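Trainee: Sending over a structure as structure tokens; questions will come in a sec.
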């Protein structure tokens, strides 16, 4: 090999070395989370945990049990269940033998679970992560990976009783979380389909026109009409007739009025939906939630599996009551303050389980999904705006000492308190300064300090200090655990 050839080869090797990271040969990478995902710090998790606990308490109050299902399903299980949203499903790379997709929601896996296990009635809740290949708007509570909190009632029951309970649950959760004023919009797929039929929409265009109507919460009627006519091929006359109906809002009175409507009364399907809507409102009156519920003919909810009542809860603060939010949870017209939009949605899906059953046996179902990420966005912003400190631990007491060489005694007392079920911390130093121990309590929000000293050990007592008021009292060692429990019952 000539000198010039050697130089050429060396140059190639140096170039290659530079490409793979200079002298260290280290791969350069960016430290970031994947698009549409996020980490949660302890403060955010503390807020999130409180929200989850509120929701779970409500679900349990209504007699629900819980299940879990795999994070991925067979691709064919999810295919054809979500209408135009199917393009947002994450497909996994073929790992040899099975084509899989990440779950898009918790409802389809629930229906598969019922059919597979031949379950005909259950009241269940399920809180887990779902995945959507969406364009994320993370500051507004919209992600590619997010939690859903679902409550569903499966089984053959008298009309509208379980449906009314689902709406009551939404009302309870949103009221308890104190998110601000809200409205729960209700409609019925049968009323929508009946309306489409009497307005002259061809049968094969029902679902696609329904998906367009579903955009009314984020597009003007003119834009929605344009999509119907120019993109979906609907006649202008039919679109105008739909426009008259979708502007209507009310309560039981609107259902009664539509039953008398010359056009709507021609549709058996619409009449069945309207009769049930009247029944629903009578139950909602008994449940004392009609102040927040509105029958809204523009509510469509784009998912293909709904067969009856559908509903969506929206926050109305900072925007007019009749302004909704996008399906993905943000109202473009309400930029000021905490404006997140849709925070819960659901409906009746009587045919979904039958799609999975080999004999096509149907299990009627109705359910609701709480948009936990949007709720969390609001709670987080409220916490930021508030001067109140968010505690990230539940520690009730810190075991401290004012003198040196008392590590063993501190550890002994800590173990006693742990064994008594007290949430206790101790500093990992042999001789920590009392001031630094007290400062840790201030910073972490720990309400009590159990201080040991030579004198306390001789007397068989512990000096219990209230961090906030700095008051100190001697408590007998035998009674310490009970005294701490009594003083921190709300922690």
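Including glycine, each Cβ sits where the backbone N, Cα and C put it.
A quick note: this is a predicted structure, and the numbers were derived from the prediction, not measured.
So TrEMBL has the following annotated:
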type    : residues                                    : note
BINDING : 105, 106, 107, 132, 148, 152, 301, 305, 306 : L-histidine binding site
DOMAIN  : 7-379                                       : domain 'Aminoacyl-transfer RNA synthetases class-II family profile'
Trainee: Are there any residues in the same chain, six or more apart in sequence, whose C-beta is under 8 angstroms from the C-beta of residue 105 (L-histidine binding site), and if so which?
Mentor: 82, 130, 148, 150, 369
Trainee: On average, what pLDDT score does this prediction assign to the domain 'Aminoacyl-transfer RNA synthetases class-II family profile' (7-379)?
Mentor: 86
Trainee: Can you tell me how spread out the L-histidine site is, meaning the largest CA to CA distance among 105, 106, 107, 132, 148, 152, 301, 305, 306, in Å?
Mentor: 21
Trainee: By a simple count, how many Cβ atoms lie within 10 Å of the Cβ of residue 107 (L-histidine binding site), its own Cβ left out?
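Mentor: Taking all protein chains shown, residue 107 (L-histidine binding site) has 26 Cβ neighbours within 10 Å.
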